[in-house]
Amino acid sequence: MSYRELVVELAREHAEALSDALLDLGALSVSVEDADADTPDEQPLFGEPGLVPDRTAWQHSRVVALLSADHEPAVLLAAAANEIGLAETPKFVVREVEEQDWVRLTQSQFEPIPIGERIWVVPSWHDAPDPDALVLELDPGLAFGTGSHPTTRLCMEWLEQSVKPGQSVLDYGCGSGILAILAKKCGANPVIGIDIDPQAVESARQNSERNRAEVTYGLPDACPDGEFDIVVANILSNPLKLMASMLASKVKPGGRIALSGVLARQADEVAAVYARYVDISVWREHEGWVCLAGTRRESH
């Protein structure tokens, strides 16, 4: 059986309503994406620490609906547009989607990933290429972080070089838990992972259990008081700037901090905010992204 994708670009205020209408009218699934993704106009959605995002779509949104072959896309879209009160039916594109073995296709797209000197990120359906390496078993899922993105890779390379056995580590914005798990496998103790998304926290817990890595996870209000030898945050530049004072305060005097999720063109601006608290600079750049790393100044 073949399927079709109906792709519509429209303003944020109509995206959620159109999505609901398409589902009501028989769409098999609907997703909302940033129509400006991977461009300078990309708009990440995020909440303040401890809060969920207050927006569910982007200013310039792309609605993608999966339809069975017996649905006529133009008719369905016209009905959905009428249902939500749009004066005109939005422009759209239709893409053919052939029936496939989706599990096998998904698995074929995720091969073991070598990172740094001795790290392998390995999906559960693969054997580790080097059993003696530092192996993290991680499947792609709902939470961000499989090692394939440059920012995750940069943070992992930094942790591999920086963590010493017995050091305490805070992973703020832990996503899948990949950085916290790596820190634990490098000998860190204790390791804490914090995320604003309860689904990410649960995913991280499951990944830690699979990797036999003892990490404590929680939402921001569960973040323990006190300071850590190492703080790592792979988020995005805007929330990193907003949380600079809080994140810096979690680093012990003389301790280290690593920040990623920062484009190379944003590095100076982020570094300037953190320079009030830590001596910080670009540690490494990869594919247009950077990892900033620094040391908290000793108290006098």
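Every residue number used here counts from 1 along the chain in the order it is shown.
A Cβ is built for glycine as well, from the same backbone N, Cα and C atoms used for every other residue.
According to Swiss-Prot:
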type: BINDING; residues: Thr152, Gly173, Asp195, Asn234; note: S-adenosyl-L-methionine binding site
Using a 10 angstroms cut-off on Cβ to Cβ distances, just flag whichever of Thr152, Asn234 is the loneliest among these binding-site residues.
Thr152
With the S-adenosyl-L-methionine site defined by the record as Thr152, Gly173, Asp195, Asn234, how many Å span the farthest pair of C-alpha atoms?
15
I'd like the number of other C-beta atoms within 10 A of the C-beta of Gly173 (S-adenosyl-L-methionine binding site), please.
27
Local Cβ density at Asp195 (S-adenosyl-L-methionine binding site) - other Cβ atoms counted within 10 Å:
26
Where does Asn234 (S-adenosyl-L-methionine binding site) sit by DSSP, helix, strand or coil?
strand
